[in-house]
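Participant: Structure provided below as structure tokens; questions to follow.
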Amino acid sequence: MEFIASSINQRIVRISAHLNPPPNSQMEGSCGLLRRGNCRAKGGSPGFKVAILGAAGGIGQPLAMLMKMNPLVSVLHLYDVVNTPGVTADISHMDTGAVVRGFLGKEQLEDALTGMDLVIIPAGVPRKPGMSRDDLFNINAGIVKTLCEGISKSCPNAIVNLISNPVNSTVPIAAEVFKKAGTYDPKRLLGVTMLDVVRANTFVAEVLGLDPREVNVPVVGGHAGVTILPLLSQVKPPCSFTVEETEYLTSRIQNGGTEVVEAKAGAGSATLSMAYAAVKFADACLRGLRGDAGVVECAFVSSQVTELPFVATKVRLGRNGVEEIYPLGPLNEFERAGLEKAKKELGGSIEKGISFARK
Ligand SMILES: NC(=O)c1ccc[n+]([C@@H]2O[C@H](COP(=O)([O-])OP(=O)(O)OC[C@H]3O[C@@H](n4cnc5c(N)ncnc54)[C@H](O)[C@@H]3O)[C@@H](O)[C@H]2O)c1
Ligand SMILES: O=C(O)C[C@H](O)C(=O)O
């Protein structure tokens, strides 16, 4: 009788602790129950530890869901300045291997980051119609700076996937923060331009009448307007385009983000396709970390491929992050002209990020 009563009491305590975590305690998914001794088996699976910063946002939530489904992830930390208790409780009920923990507010940033192998950052404000990505600089630059200071302190060896816009400036900011802290490893800092590749594959497949999963379009340069440069001459499988097709595709790929911002009419920018792209890219980084051979994706990284300090190109991912940076390859006249335009804008955005961080 006593045993049953105490067991029921324990359960009530357990449920109320889960619903009302004490202030400043980290919220936990299944592992909170494990710590209190109510489960027999160890949760989680062998794999990598991944943190998402900005996990309660439009990208963060579907990204968290998809990362919880990724068999390479054993521990998933969800950090935001709002709403992580709900998102964590929700996602932690998925019966996949990764253990989920939630962290709320700056005082929990250190715990969120300690021990992480990969940190994905979609924190920051999105565009509204009429805005450029650069219009987000004033708010997002400071957010990225603070989060990167946390990374330097708590997981300086983690691979960082930076999604927050303007990527062309936030990646240089992150690099400067890491340099200042003495933790900078250019191989481990990657701006996420995967959505440009995902869009390019989709739009090119539409024009060619192919399955988008069979198409691979390298997209180089940066992640804003004319800095987004699809290399249609290097599409796989090999194919050719008319001048009209080239112009249409280049413009659609460069303006894909604006297409979504306008369709959402003030409710934000791409979130679902971005979460898909972010997971595709994060999975490639984790496969690289695991030691898989031949993992090649496009990303915005520190590079000597052009005269600019950062550019998006194809990179090979491995145990240390970026193991190899590929040259741009043979460009046609249209692409050479596009590259010149891209470099002009990109240089200014990179410089803006560097000056902000050095202030
Ligand atoms: N790289 C790309 O291809 C790409 C694609 C789409 C969107 N983005 C960018 O991603 C960012 C996020 O977009 P979204 O639609 O998810 O926005 P959102 O507003 O829906 O979510 C952003 C989240 O960041 C959180 N946040 C704000 N300040 C924070 C801080 N200091 N620490 C931790 N979290 C913080 C917010 O609370 C919110 O939950 C935007 O800057 C957007 O432009 C980039
Ligand atoms: O367009 C935006 O502002 C978000 C993102 O950069 C995108 O390409 O969808």
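These residue numbers are counts, starting from 1, taken along the chain as shown.
Using N, Cα and C of the backbone, Cβ positions are placed for all residues, glycine too.
Just so you know, TrEMBL annotations never went through curation; they're auto-generated.
As annotated by TrEMBL, domain 'Lactate/malate dehydrogenase N-terminal' applies to 49-191. The annotation NAD(+) binding site is assigned in TrEMBL to GLY54, ALA55, ALA56, GLY57, GLY58, ILE59, GLY60, ASP80, ASN140, ILE163, SER164, ASN165, MET274. Per TrEMBL, substrate binding site is recorded for ARG127, ARG133, ASN165, ARG199. Annotated domain 'Lactate/malate dehydrogenase C-terminal' per TrEMBL: 193-356, in sequence order. The active site, proton acceptor feature in TrEMBL is assigned to HIS223.
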Participant: I need the nearest neighbour of ARG133 (substrate binding site) among the binding-site residues GLY54, ALA56, MET274, using C-alpha distances.
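Facilitator: Going through GLY54, ALA56, MET274 one by one, the Cα closest to that of ARG133 (substrate binding site) is MET274.
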Participant: For ARG199 (substrate binding site), what is the secondary structure by DSSP, using just helix, strand and coil?
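Facilitator: SS state of ARG199 (substrate binding site) = helix.
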Participant: Between the Cα atoms of GLY60 (NAD(+) binding site) and ASN165 (substrate binding site), what distance do you get, rounded to the nearest Å?
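Facilitator: Answer for this pair: 14 Å between alpha carbons.
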Participant: With helix taken as DSSP H, G or I, strand as E or B and everything else coil, how many residues of the domain 'Lactate/malate dehydrogenase N-terminal' (49-191) land in each class?
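Facilitator: The breakdown for the domain 'Lactate/malate dehydrogenase N-terminal' (49-191) reads 66 helix, 30 strand, 47 coil.
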Participant: Looking at the binding-site residues GLY54, ALA56, SER164, MET274, which has the shortest Cα distance to HIS223 (active site, proton acceptor)?
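Facilitator: Of all the candidates listed, SER164 is nearest in space.
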Participant: Across the whole of the domain 'Lactate/malate dehydrogenase C-terminal' (193-356), what does the mean pLDDT come to? Round it, please.
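Facilitator: Taking every residue in the domain 'Lactate/malate dehydrogenase C-terminal' (193-356) and averaging pLDDT yields 98.
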Participant: Could you tally the C-beta atoms, other than its own, that fall within 10 angstroms of the C-beta of ALA56 (NAD(+) binding site)?
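Facilitator: Result for ALA56 (NAD(+) binding site): 22 neighbouring Cβ atoms inside 10 Å.
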Participant: With every protein chain in view, what's the tally of Cβ atoms within 10 Å of the Cβ of ARG199 (substrate binding site), excluding that atom itself?
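Facilitator: ARG199 (substrate binding site): 26 neighbouring Cβ atoms within 10 Å.
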Participant: Hey, how far is ARG127 (substrate binding site) from ALA56 (NAD(+) binding site), Cα to Cα, in Å?
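Facilitator: Their Cα atoms are separated by 17 Å.
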Participant: Would you kindly give the Cα-Cα distance separating ASN165 (substrate binding site) and GLY54 (NAD(+) binding site), rounded to the nearest Å?
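Facilitator: Cα of GLY54 (NAD(+) binding site) to Cα of ASN165 (substrate binding site) measures 13 Å after rounding.
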Participant: For the binding-site residues ALA56, GLY58, GLY60, ASN140, which residues place their CB under 6 A from an atom of ligand 2?
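Facilitator: So the answer is none.
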Participant: Can you tell me how spread out the NAD(+) site is, meaning the largest CA to CA distance among GLY54, ALA55, ALA56, GLY57, GLY58, ILE59, GLY60, ASP80, ASN140, ILE163, SER164, ASN165, MET274, in Å?
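Facilitator: The span, Cα to Cα at its widest, is 18 Å.
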Participant: Across all the protein chains here, work out how many other Cβ atoms are within 10 Å of the Cβ of GLY58 (NAD(+) binding site).
Facilitator: 19
Participant: Secondary structure at MET274 (NAD(+) binding site) (DSSP, helix/strand/coil)?
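Facilitator: Once the DSSP labels are grouped into three classes, MET274 (NAD(+) binding site) ends up as helix.
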